[in-house]
Amino acid sequence: MMNLLFDLRYYVLYPSFFNSVIYPGLIFTAILLLTTIWFERKAAARVQMRVGPYYASKRLGGFMQLIADAVKFVFSEVIIPEGVNPTLFALAPVLAVAMSFIPLSIIPVSVIPPSGSVFSIYFRDFYDPNIGMGVLTGLFVQYNMLLILAIESMYPVFVIFVAWVTNNRFAIVGAVRESYLSVSYDVLLIMATLSMSLEYHTLDLAKIAQSGIPGILANPVAAIVFFIAMLMGSARFPFEIAEAETELVLGAYTEYSGFLFVLTMAGSYVGNLVYALVFTDMFLWGWYPLSGFPGALLTGLKASIVVFFSVFLRAVYGRYRIDQALRGGWKYLLPLTFVSLFIGLVVGYIWIP
Amino acid sequence: MTDQAEELMKSGGMEIDVIPVSGELNVGPQHPGSGHLRIYVRLNGDIIEEAQVEPGYVHRAVEKLGENRNYIHLIPLVERPAILDSIHMNLGYIMAVEKILGVDVPDRAQYLRSFAAEISRIASHLYGMGILAIFIGHSTGFMWGFGDREVWVQILEALTGARITNSYVIPGGVRRDLTPTIVEMTRKAVTYMRRKIKDWENIFLNNPNVKARLQDVGIMTREQAIEWGAVGPNLRGSGVYYDVRKVEPYAAYSRLDFEIPVYKEGDGYARTLVRFEEIQQSLNILEQIIRDIPEGQILSDRFFKQIPPTRLKKWWEGQRRVVMPGYYASFRPPKGEAVTRVEAGRGELLYYVVSDGSAKPYRLRMITPSYRSIYVMQNLLKGVRYADLVSIYGSLDYFPPEADR
Amino acid sequence: MDSIKIKEYKKGDSSLNLVTGHLKAVGTGVKYFVKPQRITLKYPEESLSLPTGYRGMIRLYKDVCIGCTLCAMVCPADAMKMATDQGKKFPTINYGRCVFCGFCVDICPVDALKETGVHDAAFSSRRELFFSPDKFNQDFDQPPVELLVKKVKAVIDEEKGIKYVPDTD
């Protein structure tokens, strides 16, 4: 009996399972997703002279409203428009969401000390030679920085796919906007990441976080650029251009209803969380100085705050026009990334071993 | 093969087609950014080649209905096209009827008309600001516009007995008098609004995001504004000093001191600034009215004398409201016609009433300010980016039911 | 006419202004997030009592009415019509048509009609919207005010815009 329990614990806590399914993978993300949407609605309501969700559960400040909404969406009819391929129509949002979830299993959320942690038994399997410690991540790759961004940059392709299968003009216009945007924010993300990797002489997020030098102090310019690119990449205000309700109804997701609509909604929030976790590891110490499970919690907390702040901006901004966003990206932020690259080279040479 | 490719695409397929979408979009009548209106948009890439503004989805035939109703019956009808600005709709019509009847309106009633009209203007501008804000995605501006409007609607409710369909102005005067409670409410509301405007500036007007969306968008030059027949804040945003309150003062405006904000640029931001400063001017006017309002009757002597003395005692002396003498039920004005103009929230509102001596008007013509914006909008939408459609629409403060009548 | 002043706004912000503009906007947002200014009325837990003179549903005092038909004549929506009851004319009202302009109340020479403060009556069929003189003669059932429901009135406040304070009477 004890053996069975021990085996079970071994497999549940095995980082490849734990990270991709429990934390920060599926389950944690689903809960955080609901909390984020709840926070978005409540925060906007506070600024906007309103109360927001309230009656679904008065003690929890209306948190249950989100569960109720989700249940309602799941059971409502999925309307498939005429003249589309039903298989692709149903598959497209599923693929998009699946794609946005994948990076969560590669992001390091904590380190595993050789002993003293529940994860210590996996120390050897997830050993990171760069920091001389284990890394709590679903799949340890030395070049995880690049891999995460590479996978996440696939997401817009699926948005375009979604728009293409729905055969709706508003969706197509939304997809075109998304494709223009994705090109510009991906460059910014990669340049910001590159300047950090040059600064810390590594492509391993774990090493940056474990170095104990906060990236936001070492290279504030990169942090600003990364944050703005994150807002662009996850369709947050003021860059909610591809969805732009008053212009494009709902952009690429115009035709979706019911559960498929929930999936399309989820995609951008998951993307936001992925970028927020990378932002936390890269600029906000990540788990440092904790390790093991508390460290992972700390990373999650910081990332949640970043996500919450980025959804809070809905209450402050309208949306930019697509050409303004692109001009901002290419004309002002791209030169800034060169500055951050330069800062990265200099500071990395002087300060960071 | 190569020949064919060259035929199909210039430069043999090597050139990237930079125009991704070319085609038509039906913005409305079922669209989150259209209102009761269809805008048929022909796109070339992101640029609108042509936009046809198609009103008429909420047409109620107010003018035709007007020929079949008594003069008094028309009061609630004419304010329906723009219920958020109903005092002005009502006021213009009543002024035309009064011209035909040849009634003099007492001073206090004139001041009260201006008082209600300015509150209505503030409420209308806040509504327009809210719609503009949500059109460019700024949800806080939307909620604030409607939330702050509530303050003014409460004052109208206390004054007239209804929130929006006020039916406050009647031939010869107004229906209810200002009470000390309402004066106190207005004082507080003016203080509140002045305070809130500072936050409005921070989060909306001076927000770089909003500036980016409105500046240099939908530029209408002075000449174009005159040629296209723009009215109200849209005209004044293009550098034309024209306001019916100054040009042809009605109600108590000749005795009130206020400025007309005029901006030169003619773009969406200038129009928004004009509305914003008009709110501030209206606050000043309200303060002046509270200070200067003369004592006296609120209904013309001619009708006031017809009210039975017992009722007069109960209503006028008791509750400061006049009741209607039986005359109103079906009066026959002399033959004649009248044209009146008022400066409604969205601009100049014109009424033309013809009386043939019967109890019903022979003709009622109303030219509403939004009606004049249709042509302006259609012209402004040519050659702008698709995303600017909503910001031009919002900055013109176009209200479909008002245009359709 | 007074002096004509045509203003111009300053275009093209410097990058410093841009940054302060963004900071001010976010700052204002945060200010309201920390100290919200809410004007939502929590209906039905709080029920708004309307100001005196509110033009709500109308009731008839049958014993006062003289059957002069002025109310029916002035009614803009033809909601009020006269019906003969025991040889006497009385007004009837159809609330499906009434626009609550209150003209009938204002014009009644003997004050037989009265505006009540009730505005949230509910009907289950269209036929119920029609009030015969006898039904019209009765007071409206006020919505049940139990301990749960708080009667509040809207007060304009210099800081919060609208405040709801408990209605004492």
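Heads up, residue numbers simply count up from 1 along the chain you see.
Glycine is treated like the rest: Cβ placed from N, Cα and C.
What TrEMBL lists as transmembrane segment is A:20-39 (among others). Sequence-distant contacts of the transmembrane segment (A:20-39), counting only residues of its own chain at least 6 positions beyond either end whose CB sits under 8 Å from a CB of the stretch, comprise 12, 53, 61-63, 65-67, 70, 101, 104-105, 107, 109, 138, 266, 269-270, 272-273, 277, 296, 299-300, 303-304, 307-308, 311-312.
As annotated by TrEMBL, transmembrane segment applies to A:183-203 (among others). Within its own chain, the transmembrane segment (A:183-203) has Cβ neighbours under 8 Å at 130, 142-146, 149, 153, 211, 213, 215, 218-219, 222-223, 225-226, 228-230, 232-233, 275, 278, 282-283, 325-326, 329-330, 333-334, 337-338, 340-341, 343-345, 347-348, 352, counting only residues six or more beyond its boundaries.
Among residues of the same chain six or more beyond the transmembrane segment (A:215-235), those with a C-beta under 8 A of the stretch's C-beta atoms are 152, 181-182, 184-186, 188-189, 191-193, 195-196, 199-200, 208, 241-243, 268-269, 271-272, 275-276, 279, 282-284, 306, 310, 313, 325, 329, 333, 336-337, 339-340, 343-344, 347, 351-352. Residues annotated as transmembrane segment in TrEMBL: A:215-235 (among others).
Annotation source TrEMBL lists transmembrane segment at A:256-277 (among others).
Per TrEMBL, transmembrane segment is recorded for A:297-317 (among others).
Tertiary proximity for the transmembrane segment (A:329-352) is limited to same-chain residues at least six positions away from its ends with a CB under 8 Å from its CB atoms, namely 181, 184-185, 187-188, 191-192, 194-196, 198-201, 211, 213, 218-219, 221-222, 224-225, 228-229, 232. Residues annotated as transmembrane segment in TrEMBL: A:329-352 (among others).
Listed as Cβ neighbours of the transmembrane segment (A:256-277) (distance under 8 Å, sequence separation of 6 or more from its ends, same chain) are residues 24, 29, 32-33, 36-37, 70, 73-79, 89-90, 93-94, 96-97, 100-101, 103-104, 107, 109, 148, 152, 155, 158-159, 162, 166, 189, 226, 230, 233-236, 250, 299, 303-304, 306-307, 310-311.
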